[in-house]
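The structure appears below as structure tokens.
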Amino acid sequence: MAKSKFERTKPHVNIGTIGHVDHGKTSLTAAITKYFGEFKAYDQIDAAPEERARGITISTAHVEYETEKRHYAHVDCPGHADYVKNMITGAAQMDGAILVVSAADGPMPQTREHILLARQVGVPAIVVFLNKVDQVDDAELLELVELEVRELLSKYDFPGDDIPIVKGSALAALEDKDKSIGEDAVRLLMSEVDNYIPTPERPVDQPFLMPIEDVFSISGRGTVVTGRVERGVIKVGEEVEIIGIRPTSKTTVTGVEMFRKLLDQGQAGDNIGALLRGIDREGIERGQVLAKPASVTPHTRFKAEAYILTKDEGGRHTPFFTNYRPQFYFRTTDVTGIVTLPEGTEMVMPGDNVAMDVSLIVPIAMEEKLRFAIREGGRTVGAGIVSKIIE
């Protein structure tokens with residue numbers, strides 16, 4: 001029987017499986033599709049296609065499914081390096097994550113690293129699936145593993161005591177064995193995900209922001225800036241701030257056009273031209289943003305989590321040290337910045353992910369979770385995300 005088309009009336013949420021290698025992320029992903037979507041077998045998911053995001057090649061598998069409440073897009077990555085790259089580049093946005101931990105092994109190094117990354121890149125909520133419980137006979141041992149997972153989550157500032165932990169076996173679900181730890185556990189997991197992972201605010205409901213890509217002057221009409229509206233709505237007659245690179249200034253949008261047609265407003269996702277009152281061609285440049293007044297501020301210093309490309313990925317061939325000065329590509333432009341490595345980190349090798357402090361030579365409209373590429377002479381050598389603003 002043909003599957004009915006996905007109902008787009010439901011709220012849409014992006015999630016993904018995270019956790020240590022071989023703890024069962026891909027098996028769980030397959031099991032979820034079995035009950036909530038169009039079934040995808042383990043090897044269909046495991047053979048993930050390569051994609052490029054911010055100049056970086058990443059293997060990611062995408063599946064979709066739906067519960068009674070929501071429609072989900074779910075990402076699963078075959079290798080650990082793909083997770084690191086995925087989370088840092090935001091290639092696959094995650095509104096929440098399912099952390100898969102093998103009950104037989106407990107938390108392992110990548111369990112910890114994925115939780116830390118989730119914290120750094122701002123994944124809002126995590127639900128835990130304690131997998132392979134059929135391999136543990138001792139109830140006390142299971143309790144101990146659960147406690148360990150909760151402590152680890154709390155250590156990285158997730159509410160470890162409140163996070164739902166569902167115990168089950170992805171394999172049992174796939175093989176239609178022991179229903180209580182198979183199908184029932186997967187159904188319980190998705191009901192926890194439905195209830196615990198918040199529905200993200202839609203981009204149109206957020207405050208207006210548009211990165212400026214190009215500036216034109218139109219004789220007799222004034223200056224037009226073009227770009228794709230990142231979030232929010234802009235209506236003709238509204239006041240906006242021009243932020244970044246230079247001192248912040250204010251102007252009024254006197255016209256919005258799209259495909260040469262005049263509109264009364266532009267909204268998230270639209271490629272528009274905005275006519276600005278009283279701004280000359282020299283008063284504004286690519287790399288600045290138009291934004292709702294007081295919604296975003298310019299900054300030069302921040303902490304970042306970054307992934308540095310390997311030589312094979314087209315990155316650097318050599319390590320870098322404190323005082324490294326590459327370009328940081330934010331939204332539409334490159335800005336030079338100076339890197340300070342954390343204490344105890346001598347150097348960063350190609351292929352590493354690293355927490356670092358960055359000081360830009362000019363301010364950029366910035367907030368936490370903003371992504372950037374690290375470039376040298378136009379060539380991407382890394383990717384990062386703002387984890388904390390310093391000044």
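Heads up, the Cβ atoms here are built off N, Cα and C, so glycines get one too.
Since this is a predicted model, take the numbers as computed values, not measurements.
Marked as GTP binding site by Swiss-Prot: 19-26, 76-80, 131-134. When secondary structure is read from DSSP and collapsed to three states, Gly19 (GTP binding site) falls in the coil class. Shown in sequence order, Lys25, Leu99, Val100, Val101, Gln110, Thr111, His114 are the residues of the chain, 6+ apart in sequence, with a C-beta less than 8 angstroms from the C-beta of Gly19 (GTP binding site).
There are 24 other Cβ atoms within 10 Å of the Cβ belonging to Thr26 (Mg(2+) binding site). Mapped onto three states, the DSSP output places Thr26 (Mg(2+) binding site) in helix. According to Swiss-Prot, the Mg(2+) binding site annotation covers Thr26.
Annotation comment: Swiss-Prot describes 10-201 as domain 'tr-type G'.
Residues annotated as region 'G1' in Swiss-Prot, with similarity to another entry given as evidence: 19-26.
Shown for the region 'G2' (55-59): DSSP residue counts in helix, strand and coil, namely 0 helix, 4 strand, 1 coil. Per Swiss-Prot, the feature region 'G2' maps to 55-59.
Mean pLDDT of the predicted structure over the region 'G3' (76-79): 87. For 76-79, the entry in Swiss-Prot reads region 'G3', with the evidence type similarity to another entry.
Per Swiss-Prot, region 'G4' is recorded for 131-134, and the stated evidence type is similarity to another entry.
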For Asp22 (GTP binding site), the nonlocal same-chain Cβ neighbours (under 8 Å, six or more residues apart) come out as Ser102
Cβ-Cβ neighbours of Val133 (GTP binding site) (radius 10 Å) | 21
For the binding-site residues Lys25, His80, which one has the sparsest Cβ surroundings, going by other Cβ atoms within 10 Å?
-> His80
Cβ-Cβ under 8 Å from Cys77 (GTP binding site), same chain, 6 or more residues apart: which ones?
-> Gly16, Ala48, Ile58, Ser59, Thr60, Ala61, Tyr83, Asn86
